[in-house]
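What TrEMBL says about this protein:
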type	residues	note
COMPBIAS	1247-1256	compositional bias 'Low complexity'
COMPBIAS	1312-1321	compositional bias 'Pro residues'
COMPBIAS	1337-1346	compositional bias 'Basic and acidic residues'
DOMAIN	986-1228	domain 'P-type ATPase C-terminal'
REGION	519-542	region 'Disordered'
REGION	835-854	region 'Disordered'
REGION	1245-1266	region 'Disordered'
REGION	1304-1346	region 'Disordered'
TRANSMEM	132-151	transmembrane segment
TRANSMEM	326-355	transmembrane segment
TRANSMEM	375-403	transmembrane segment
TRANSMEM	1021-1044	transmembrane segment
TRANSMEM	1050-1070	transmembrane segment
TRANSMEM	1100-1120	transmembrane segment
TRANSMEM	1132-1149	transmembrane segment
TRANSMEM	1161-1184	transmembrane segment
TRANSMEM	1204-1227	transmembrane segment
Amino acid sequence: MCARSEAVELEVLGAEGGEARVPPRPLRLSLLELLGKLVRRDQPTAPRRRTRHNHRFRTFVSCENERRIKANNREYNAQFRYANNYIKTSKYSIITFLPLNLLEQFQRLANFYFLCLLVLQLIPAISSLTPITTAIPLIGVLALTAVKDAYDDFQRHQNDSQVNHRRAKTLRNGKLVEEKWASVQVGDVIRLENDQFVAADILLLSSSEPNGLCYIETAELDGETNLKCRQCLLETAAMGQDDAQLGAFDGEIVCETPNNLLNKFDGTLSWRDQHFSLDNDKILLRGCVLRNTSWCYGVVVFAGKDTKLMQNSGKTKFKRTSIDRLLNFLIIGIVLFLLSMCVFCTVACGVWEWLVGRYFQVYLPWDTLVPAEPASGAIVIALLVFFSYAIVMNTVVPISLYVSVEVIRFAQSFLINWDEKMYYEKTGTAAKARTTTLNEELGQIQYVFSDKTGTLTQNIMTFNKCSIGGLCYGDIVDENTGETIELTDRGRRRAGGAGGAAARGAGGARARLLELEHEQGRSTPGATPHAHAHSTEPLDFSDNPEYEPEFKFFDAKLQKAVRRGDRNVYDFFRLLALCHTVMPEQKNGRLEYQAQSPDESALVSAARNFGFVFRERSPNTITIEVMGKTEVYELLCILDFNNVRKRMSVILKKDGEIRLYTKGADNVIYDRLKRSHQEEVRSKTQEHLNKFAGEGLRTLALAWRPLEERGFAEWKRRHQAAALALRDRDERLDAIYEEIETDLILIGVTAIEDKLQDGVPETIANLSMAGIKIWVLTGDKQETAINIGYSCQLLTDDMAEVFVIDGVAHDDVDRQLAKCRDSIRVVNTFLPHGPSEAKGSRSETANGGAVARPSPGRAANVKLNAPAVSVVTFSNEYASGGAAHAPDSHEHGDDSNGFAIVVNGHSLVHCLHPKLEEKFLDVVLHCRSVICCRVTPLQKAMVVELIKKSRKAVTLAIGDGANDVSMIKAAHIGVGISGQEGMQAVLASDYSIAQFRFLQRLLLVHGRWSYYRMCKFLRYFFYKNFAFTVCHFWFAFFCGFSAQTVFDEMFISVYNLFYTSLPVLALGVFEQDVSDATSLQFPKLYAPGHTSQLFNKTEFIKSTLHGCFTSLVLFLIPYGTYKDGLAPDGKILSDHMLLGSVVATILIIDNTTQIALDTTYWTVFNHITIWGSLVSYFVLDYFYNYVIRGPYVGSLTVALTQATFWFTAVLTMMILMVPVVSWRLAWSRRRPTLAERLRARTRWRRAAAAPAPRTPSARRARRSVRSGYAFAHQEGFGRLITSGKIMRRIPHADAALSALASLPGKFHPRSSTPPPSPPSASPSASHSASPPSPRAPKQDLDSVDL
């Protein structure tokens, strides 16, 4: 209950009717009274008569369990301090930027470490180096990172400002006033107009449509672009657009508190002494778009951060890569290593000073701070030396490392932005790296979480093919080859051919089917060898005044059949034009349709373009135009669609004849066909259904039956009685519908393509081959998601089983998960799939591919419509890592015994509960594909967090709408697609691309390169810095542990800044082990990133040990050579400065040679930086010592003029390089990596033709349950049409009805039993016409009791 009382209201009471003004009570007294009431809240209180008053002023009142709002009363609502409509997604402000950004940056241990060093260097007693050597790099790193963060946050501020400054019309004192969105408050009544975004979550009061209806598009919330219907209370709808009445509206709303449930709203409206129940159908949520509704009014219920959209958006998180986290850990280890060296030097210094140093005070006097007593003096000197060595050897973790990392990431981001192969010409959109801190993480992705609508699909349905009267239309057959010409969005290309049958199996399968049909009696027109070759140009429909230019159909046979008046074809298109719930609308003089699903719109549009134009409807009539002639049908009844019926029907009357037209799922329609009738047509149509399903098309069966006047009248009477029943109305109506939907006559089937974005199946296949698990998280319906899963090859017919988790209660979900787990165990027991089995069932092909041989038992099950997907990767010769890694090579392979799981949103609630979390993970981690449907935006983020937490895996989320923002923010990497649903996903993302297919290039090329470059950079960087720094440690043994440096102070300062910075930067920016084409052709190259093979703790230790060994050799050989050394002319060579110059010079030569060995891909920049850095060393050394007069003047000159130096340099380099080169050669011969094998093949087989790249079929695998359309939408709005509620005087409305219901039932996997062969086709002929299965053979699962 609201903790509200008259005691805290502190109202200034108005003097009404001569009442005396009551002075306000003190605040302290009021608060005490409130506290007392809260303590005694369980005690009944006597009713108290409230005094009438004016609300002038109220303090804050807490309302924890409910929200109270009074319309048009800002003073009343202000007491609750509800959030205003101002949106803030940015992280900083001008005031907080500097402290917050510095706080974030000093969370990096390296930055904090160097800050401490800088403080130490400011103390003269312990510092042997100037503070500038640390201050300049540290300030540079902080400034560079701050500028980048400021730019990113400035982008967020711009987006926030754009949203907050949108204009909204608000009622003020009965008049409309235009205000900014940010000024809208809870309780305000606002006016929305067509195609406007909803400014806040509002309760609908009135609209321009009949009966208070309005239509919205919720793509920003759930990804669905089909329209949904909302309806206000009839009592408030009567106010219309009367601003005076709406301004005086004073209803009080009591509703739930802000939450993230998109499909739930509970509340009540109290108005004019009446109470009205409020639910989700009366609420318009922020982010929705008003469609096909001229205007509407609503009262704001939730605003700003309280809106359901913002509740689902998640928080902006500071993202760091796994390498960043590893570096933080390694820095702790390096600091401990540094401290251990300092402690050792401290102890050794104390011992030396105690035993030796005190006797040399004449030559090395102690500082005045040091006590004269030997023991205490030695201790003080040792303690000071500890800090001195900490400063001298601080370069073991140089600040330049982070400068270099930021520069490399910045350059890599530009390489992504400039990649022309990720530029989408259609929209002029290029890929963009919106952050510069996560590039190498793109090379370590293990899980991809993808939205469906607008990400995998275009959300565009196209009428592709059909079968009418047993004849198939839509295929284009080449007269010479007899094969189908396959058309794609990216160009017209021919499918099939001897050489490409494996790679383009769908085209070959269709061609073989056509040949088989020709032998059986030519059921497909125009498939004979004498037919003329078909043009690949679309048909010309311009003779139809209502044609749509965007409609494309390529088979001229159907157009000719229409023009010659074919009766079956006319019946087919008449049914499409009549049997639907589409609403027509004239917009700008053009006829437009509003449908409740894209499938239905595609069918009506197809009929329209072929000359059967749906014109208008009224509650009792439907008007169509058939080839220019108007036909008006009396609408007697609509038998609406629902999830159980999976069909819809209309009963129409024309010229005294009554007909029932129906369409629905093919299995549902076939069960209701007239028995012993149309046997041949049914058989041929069944063949076409199988063919369409094998091509990944969404099919729908059409049928009709005549009705007698008397029989229909009797049925209508019982139908009206069932419609008026108060109990079990739906069940009784379904039974009545069953009575009349029998003895149907089959007309044909339609085949609709739910258009995937270009390259989606290929991209998913590539990513799967790279070992990346792909999960689809969508707000769409279950069957729609399953259809898309088959279309893009996430689901395939040869999977062992496709599980569906759709339980509503906790126990149901628990039982289903247990059953799934048992099934997985049984299948894995009886159908083990290991490398030995896979190896035995594969044979190497001529082009280096691997194609499975069907086993004898499997061969009988090969169907004409089976997926013929060739996944050609590379021959076993190029298996990753050689023979030793063979067992792992199939870990992520396309094994035939894989599982998939489909989880419903209401079941996912229980799956994410701690009690079922482990069981859920146990099931999904055994599945090759996971599809979660009907999920809310927050559930998407929760699934991502679950995998991040349980698997410690690197995740990537990709989406295109506002409903994907929380998922994008939760994942390690967020990728936004700049699509049709706004820019919210892009603005919240780390990377943006225009098409899903670009994801494979972003990951397999740029991500892999970035990771490879960064790892190589880090290994070399740690090596060169340990080789440089540890020289001081070895020198300590020969300088009495006095913190004397080997090198010149200037050399120490510029070693990482000039001498070695540019070569390693060029390595980090331009290095490649293989080309981009090879990276895409062999996705297995991506695998090392999953286990951090290229840089981890082991690789770090190897690099540091190598550096320590190098420093030891670099110091000891020159020291041994120059100790007590004499030049031929008698000059002494054993001085400190000469030794330092020699060691520094050989160190630079070693670094140059080492990075030259590490560089695989040489560019002009590599040559300039590597050899230029060697030259720059000598130039800068001479400039500093001779021009600036440095202390080491002449030392290097003397060394270079002596043969001793050159002998020492050659000897040292041989000792350092020979082991490195020998080890690398031996290792590459013994266990070569895949990249090394590919480079060897490129070098030695340059003249030979490369194997064909792996190209999955453009047609997708499908299950035998064919109809996708019948599941594509919820229950229709036939009742609204027939009741007239949705109608105007002139039919004009939209089409979307909103109820979002869960889809009952469970989807079952495709049976392995082949469909019955046509009578004229022998089993042997059927088998010979089928292509060999490209999958590994598997046992028939029907023999295993799961």
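The backbone N, Cα and C atoms fix where each Cβ goes, glycine too.
These figures come from a predicted structure and were not determined experimentally.
At the 8 Å Cβ threshold, with sequence separation of at least 6, the transmembrane segment (1161-1184) comes into contact with the transmembrane segment (1050-1070) through 3 or more pairs. Taking pairs at least six residues apart, the transmembrane segment (1132-1149) and the transmembrane segment (375-403) share fewer than three Cβ pairs below 8 Å and do not count as touching.
The stretch from 132-151, 326-355, 1021-1044, 1100-1120, 1204-1227 that makes the most Cβ contacts under 8 Å with the transmembrane segment (375-403) is 326-355. Using a cut-off of 8 Å between Cβ atoms, the transmembrane segment (1100-1120) and the transmembrane segment (1204-1227) share at least three residue pairs, counting only pairs 6 or more apart in sequence. The highest tally of CB pairs under 8 A with the transmembrane segment (132-151), across 326-355, 1021-1044, 1050-1070, is held by 1050-1070. On the 0 to 100 pLDDT scale, the model's mean across the domain 'P-type ATPase C-terminal' (986-1228) is 90. With a cut-off of 8 Å between Cβ atoms, the residues of this chain six or more beyond the transmembrane segment (1050-1070) that come close are 129-130, 132-133, 137, 395, 398, 400-401, 404, 407-408, 411-412, 415, 1013-1014, 1016-1017, 1020-1021, 1024-1025, 1028, 1140, 1144, 1148, 1151-1152, 1155, 1158-1159, 1161, 1163, 1165-1166, 1169-1170, 1172-1173, 1176-1177, 1180-1181, 1184, 1190.
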